[in-house]
Amino acid sequence: MARTPILAILTVLFLTLTLGPGAAITAGAAAPQGSAPAAKNGAKALPLVVVVSTGGTIAEKTDPKTGGAVPTVSGDDLIAAVPGLATLARIEVVNYSNIDSSQMTPERWAGLSRAVDAALNRPEVGGVVVTHGTDTMAEGSFFLDATLTSDKPVVFTGAMNDASSPFPDGPGNLYNAVLQVCSPNSRDWGVTVTLNGYINSARDVRKTQTTNVQTFESGEKGYLGYITSGTVSRFNDRLRRVRLPLPETLPKVAFLATYAGDDGAFVRHAVDDGAKGIVINGVGSGNVNEAVYGAVKYALSKGVVVVISTTVYYGSVEPVYGDLGGGLMLEKDGCILAGDLPGQKARLLLMLGLAGYGPDAAKLKALF
Ligand code: ASP
């Protein structure tokens, strides 16, 4: 008998903390998806969250004929598979695409950025969840983080186990993503990647494990927060966010990794192939060998912007070494050092920077 009031008070307290004041009044009554719930006695409606689905394992099922996972599940079906979602928010679905994220391109992310921005710019929308494949989620989330105009929360999520697995992680991840969008603890994080309870900033996140559900990490920068038992814990504020206008077209920028014995032929090919910029994942703190150094000088002589990143997981690119191809020499010759930004993300930033500023070395350098 005495349990019911205590439970009710705890429920109201929990929902007030996660959804904001007023939300608890209507929470618990299942709201129809995509339409406003009845606001009785002046009670506030549940927040409106737009879920934009793009594909990935969260939307894939194993084809019994081939044994391979392929995209099959629509955004609406994803939502329907999450118990309790209607107690958190009103949900609207946008089916943007249904592809494995290995097929994503900067142009597709540009379209996605426009679709997400359009949703965020509606005053009644509290935030957006993007469901996306995990293979290129770190890149895609970074692209949107750099190009969205709104400060409302955007959470990328997905799954490592597909929708036909006996242990799908997609529904729990989607639930947490919606919870995060609605939580006042999630303000000013920009775009995050949130899976398996961990919240990562789009800038720092990396996929670190090919198949395990605990794959996204932020390395030495640390997680922004953690979601457990329906609560968003905030560990860190956002460290850094670069924002640029979304251009109509994106310039060609190559991304290459260097290695022992590299003869620089791929750098030269990228130049002759019309690249406006080249990002080279160097070794160590951002070094290349003498042959690649020669190719870099060829690129610079043709007006191609060269950014040096590193294959190393922690730390950042630094102008330390003075031999032919050392980071110090590369910087002196006009290369931009990517700092702590991973090469794939440095490439996207260079594309956006070149589109916005052209090959203006000082302005481009300031982005990194
Ligand atoms: N190959 C899948 C994708 O990135 C992997 C995943 O979503 O986990 O679309």
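Going from the start of the chain as shown, residues are counted 1 onward.
In case you wondered, yes, glycine gets a Cβ from its N, Cα and C as well.
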Annotated companion of THR134, ASP135 at the substrate site, TrEMBL, chosen from SER101, SER164, SER165 = SER101
For THR57 (active site, O-isoaspartyl threonine intermediate), write down the residues of its own chain that are at least 6 apart in sequence and whose Cβ falls under 8 Å from its Cβ; none is a fine answer.
-> ALA69, GLY133, THR134, GLY158, ALA159, MET160, ASN161, ASP162, GLY170
Determine the mean pLDDT over the domain 'Asparaginase/glutaminase C-terminal' (252-368), rounding to the nearest whole number.
-> 97
Taking the mean position of the Cβ atoms of SER101, THR134, ASP135 as the substrate site, which residues outside that list, in the same chain, have a Cβ no more than 8 Å away, listed in sequence order?
-> GLY56, THR57, ASP100, SER102, MET104, HIS132, GLY133, THR136, MET137, GLY158, LYS207
DSSP, reduced to three states, assigns SER101 (substrate binding site) to helix
Students should find that the Cβ of ASP135 (substrate binding site) has, within 10 Å, a number of other Cβ atoms equal to 18
Count the other Cβ atoms sitting within 10 Å of the Cβ of THR134 (substrate binding site), across every protein chain shown.
-> 23
